[in-house]
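What follows is a single structure, written as structure tokens, with notes after it.
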Amino acid sequence: MKKMYKITAPEGLHARPAALLVTAVTPFECDVALTYKEKSVNLKSIMGVMAQGVTPGSIVEISAEGPDAEKLFQTVTEVLISKGIGEEC
Amino acid sequence: MLEIQGIAVSDGISFAKAYCLKDPDLSFEKVTVLDIQEELERFKTARGKAKKELQEIYEIAQVKFGADKAAIFAAHLLVLEDPEMIAAAESKIVSGMNAEYALDEVANMYIEMFEGIDNIYLQERVADIRDVSKRILGHLLGIEMVDMNRLTSDVVIVAADLTPSMTAMLDTKYVKGFITDIGGKTSHSAILARTLEIPAVVGTKNATQVIQQGTTIILDGTNGKIIVNPTSEVLSFYKQQHKQHIAAYEELLQYRSMASFSADGCAIEIAGNIGKPEDVDMVLNAGGDGIGLFRTEFLYMGRQELPSEEEQFQAYRSVLEKMQGKPTIVRTLDIGGDKHLPYLKLSAEMNPFLGYRAIRISLTQHDIFREQLRALLRAGVYGHLKIMFPMIATLDEFLSAKAILLEEQQYLKNNGYLVAENIEIGIMIEIPSAAIIADIFAKEVDFFSIGTNDLIQYTLAADRMNENVSYLYQPYHPAVLRLIKNVIVAAHQQGKWVGMCGEMAADEIAIPILLGLGLNEFSMSASSILKTRAHIAKLSKQQSKLHIERILLLSTADEVKEYVKRHLISP
């Protein structure tokens, strides 16, 4: 499963928003990746996510495979919207 | 038993175990491991211990400092548990490296990567990675890490230096005093020690080298003495001294509810300097007549981003409400010099005290300044607010700052906010140029507040953080006294009042001179208020006035000191 999101947080996907996202997906069983500019990183790795340097307004792809993938996407969407980090596109 | 002499900066005596804040030696060797399974296990155990520690710190920090400041530890936990970092280290261990080396390699890889990205947020994460990897490394090497947040018994902190934010984090429930290798009477840690009312000795040069962790020490903040491993006789002598100190303090308590008058019945104002809204309680407990200086920069420090207007409004409002109508002077942001805000991305300077700081920043970064002024103006409704600008060197600076303030006042009114009207607007006199043209300023401002720490530093051209020139920190230097006189005379000619919020305002020798010069308000650390009120109650303003002309003709600071002692303090 994969979905595209637009990052709207004014500082991009840095420290605080990355931490929120990583914390939200860590409890899930399935592997989850974030792809930005053709480079994929583990979305459960705060350092991997921050090192991507995702700037505001960018489109990222989040992909996950596994039994709880559907629930994971619900959570991701919820966190992104409620914390003002991004939106589905 | 061993004695160390330093500079006494905050009164009182403490008896406690030393708590040394020095970086532990985390050096290790690169070795090839044979039992890989055991090495992986060792790595896991060390991470587990680090995690437990961090969770504890996180919880304590949340209670103590609020979720905002505690967030840093949540970030550390995420770094600690980063699956990519763990996997990378583990794969190095599997290839035969010892855990210490593997961890160090991986941490350095991330540090290099983050340092290479042109982004301040990411560069700041480097500090987190360093912190976390040090914590794990400490456990791998079996070294206990120091951690001020996990104190459970009384200690005296021993450190090379304490940054302002570190000092702000001190928990006075357990921290009974501190000792530093460097620093002087006016370093920020010294000022904070007085605010927190804990004894402190600074500038000991080598305390961190000679004091071992956990050693019993006596800290005599009144005489600048530290006794390491005292004999029982010495300990009982100091306990006696401590009792006397307490008794003297209790004697002073009678002045708490008294008005501030000189012996000949002249009213003056004795106010307190504060750094945080909580400090107001100490000023009120000491019976302060007002707040002469609220250093707002501490609202901006020890955090990742600027405080919002709302956050500032709440802080200012709480101070003004607690003061119940007593005058409260708030100084606008005074950052730069030795006070940094990493998130403002100010570049390092050759001469920070002569550089881009205080009002100079406010007048170029308008957003920050306007936000602070709006918060202040809105809060002004809840008490007796006065606003002052720091580091004013030219009249233009003051006029620009004032114009911005008035614009924001109008803006708020237009948008339906209740704002304080007729707020007194003043400046700090801390640059000689302003002191010299005080007559010109006096026509424009509502008041002056003399900041002596900087005024002395600039008048004598001696960096007050530099121990080699600390002998030039001379409050009684005739040049300083003449500048102060100039300011007071100029203000009074225009019917304006003058306060002093620098160290000198609580100095026993300086007080009779300032009284004679006609200073209207003395503002100081809460811990000095009662002593000063008692001191002034014994001095005659008229008598002091008679000596001023002669004092101003003396040639050296020492002569001034001798003269005041002989003629004014114990005539």
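Each position is counted from 1, following the chain as shown.
In case you wondered, yes, glycine gets a Cβ from its N, Cα and C as well.
Per TrEMBL, the feature domain 'Phosphotransferase system enzyme I N-terminal' maps to B:5-125.
Across the residues of the domain 'PEP-utilising enzyme mobile' (B:153-224), the predicted structure has a mean pLDDT of 84. TrEMBL lists B:153-224 with the feature domain 'PEP-utilising enzyme mobile'.
Taken from TrEMBL, the feature active site, tele-phosphohistidine intermediate applies to B:His188.
If you look up TrEMBL, you'll see B:256-539 marked as domain 'PEP-utilising enzyme C-terminal'.
Classification of B:Glu430 (Mg(2+) binding site) by DSSP places it in coil, neither helical nor stranded. Under 8 Å, Cβ to Cβ, and six or more positions away along its own chain, B:Glu430 (Mg(2+) binding site) finds B:Pro390, B:Met391, B:Ile450, B:Gly451, B:Thr452, B:Asn453, B:Asp454, B:Leu455, B:Tyr458, B:Gly502. Summarising the annotation, TrEMBL assigns Mg(2+) binding site to B:Glu430, B:Asp454.
The active site, proton donor feature in TrEMBL is assigned to B:Cys501. For B:Cys501 (active site, proton donor), other Cβ atoms within 10 Å of its Cβ number 28.
Other Cβ atoms within 10 Å of the Cβ of B:Asp454 (Mg(2+) binding site) number 22 in total over all chains.
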